[in-house]
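J.: My questions will all concern the structure given below.
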Amino acid sequence: MEFFSNIGKIQYQGPKSTDPLSFKYYNPEEVINGKTMREHLKFALSWWHTMGGDGTDMFGCGTTDKTWGQSDPAARAKAKVDAAFEIMDKLSIDYYCFHDRDLSPEYGSLKATNDQLDIVTDYIKEKQGDKFKCLWGTAKCFDHPRFMHGAGTSPSADVFAFSAAQIKKALESTVKLGGNGYVFWGGREGYETLLNTNMGLELDNMARLMKMAVEYGRSIGFKGDFYIEPKPKEPTKHQYDFDTATVLGFLRKYGLDKDFKMNIEANHATLAQHTFQHELRVARDNGVFGSIDANQGDVLLGWDTDQFPTNIYDTTMCMYEVIKAGGFTNGGLNFDAKARRGSFTPEDIFYSYIAGMDAFALGFRAALKLIEDGRIDKFVADRYASWNTGIGADIIAGKADFASLEKYALEKGEVTASLSSGRQEMLESIVNNVLFSL
């Protein structure tokens, strides 16, 4: 059965095309620096938003039909698979990401739920063949009432045990589907008030859960990356995985820093009052850059809007960081994004993905041009040149101490003249110059 019979394979037509069902900047098979664009960008479909998100929000019911022609949950789960792979094929998307309950809902017991999940993952494995791949999987340990106080950080040991069992199965499903990543996102791992919270115990327990996951994952042959996806709030008032720097502190405290990388989401950076590039830079500088949830938020709003990314400045600086990090290895660009509630037709799925894919393709082209242009890199290198010789080199080499630095400062006198302009406006103009000359 074809779900989108009125939509053909989306073709690259170039920037002058006015056909909304065409790529203007994403040319999947174009070879750049020895790799095709699809290999550089590694786009992924998000199973939750794309296959299940029907536009329901806190103020109204769904506006789009995501039943895929099936009323029975088991039949619907398989129909989702067929529809997802049709979307991916028509958009030249090679990867998908999932929560366990996106693939198959809960049934009467954990065993029944696991049995039904096995049926669906068997079907996915059969249908994906060598054409489609799992970028990463995760467990949906946040929506059911049992997780109202958290999963790994729950005050109930029974809930912790249930969470571990669910994660165990999600890891098995990820391995079965050939996934190269497994994500922890702590939607309920945090608190509403410290009046009823044992923060130390909760963080200790979260670390215990993650250590168990790493040990079990490796024992069943998972060779990919474990990720944590930082987010400061929503649905919890204060989440423990607030931002990349906070997560790094957590990982280092519990000896998990060699086991985990970051899955950075643009909208989560906005909620933490950081730029997207800031979060990527912190991850890159600390050797924990892994994967990206590609979306954008609204800076005028205080919640996770999960819009499809269309801001070219953001995608350019994102891809600048990705390229500087050496590109993706096991990670990729997962569109953790949903069409707006008022964009409710089947065609809107394709319009949305085309917008996001073109935005990142253009950002990738611009980032490459920025690096090849070299003016920004040269400016930064020149700005810090004093650290290459003389007293700067001595400090870096560990040859200086307070006594020698005091002696140097006394002999040198006032040092204000050693400073140069930061030239922020000039550098921003260079970015514009590169962007609008593509």
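Including glycine, each Cβ sits where the backbone N, Cα and C put it.
Since this is a predicted model, take the numbers as computed values, not measurements.
Grabbed the feature section from Swiss-Prot, which reads as follows:
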ACT_SITE  His99  active site
ACT_SITE  Asp102  active site
BINDING   Glu229, Glu265, Asp293, Asp336  Mg(2+) 1 binding site
BINDING   Glu265, His268, Asp304, Asp306  Mg(2+) 2 binding site
J.: Name the secondary structure element type, per DSSP in three states, that contains Asp336 (Mg(2+) 1 binding site).
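T.: Once the DSSP labels are grouped into three classes, Asp336 (Mg(2+) 1 binding site) ends up as coil.
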J.: What are the sequence-distant neighbours of Asp293 (Mg(2+) 1 binding site), meaning same chain, six or more residues apart, C-beta distance under 8 angstroms?
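T.: Long-range Cβ contacts: Glu229, Asn263, Ile264, Glu265, Ala266, Asn267, His268, Asn334, Phe335, Asp336.
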J.: Taking the Cβ of Asp304 (Mg(2+) 2 binding site) as the centre, count every other Cβ atom within 10 Å, in any protein chain shown.
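T.: Within a 10 Å radius of the Cβ of Asp304 (Mg(2+) 2 binding site) lie 19 other Cβ atoms.
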J.: Round to the nearest Å and give the CA-to-CA distance linking Asp306 (Mg(2+) 2 binding site) with His99 (active site).
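T.: Each residue's Cα considered, Asp306 (Mg(2+) 2 binding site) and His99 (active site) end up 16 Å apart.
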J.: Suppose the Mg(2+) 1 site is Glu229, Glu265, Asp293, Asp336. Which further residues of the same chain have a Cβ inside 8 angstroms of that site's Cβ centroid?
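T.: Along the chain, the qualifying residues are Trp185, Lys231, Asn263, Ile264, Ala266, Asn267, His268, Ile292, Ala294, Asn295, Asn334.
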J.: Sort out the sequence-distant neighbours of His99 (active site) for me: same chain, 6+ apart, CB within less than 8 Å of its CB, listed by position.
T.: Trp47, Trp48, Gly137, Thr138, Ala139, Lys140, Ala170
J.: Quick one: pull the CA-CA distance for Asp304 (Mg(2+) 2 binding site) versus Asp102 (active site), whole Å only.
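T.: Just about 19 Å between their Cα atoms.
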J.: Relative to the Cβ position of Glu265 (Mg(2+) 1 binding site), how many further Cβ atoms are located within 10 Å?
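T.: Around Glu265 (Mg(2+) 1 binding site), other Cβ atoms within 10 Å: 27.
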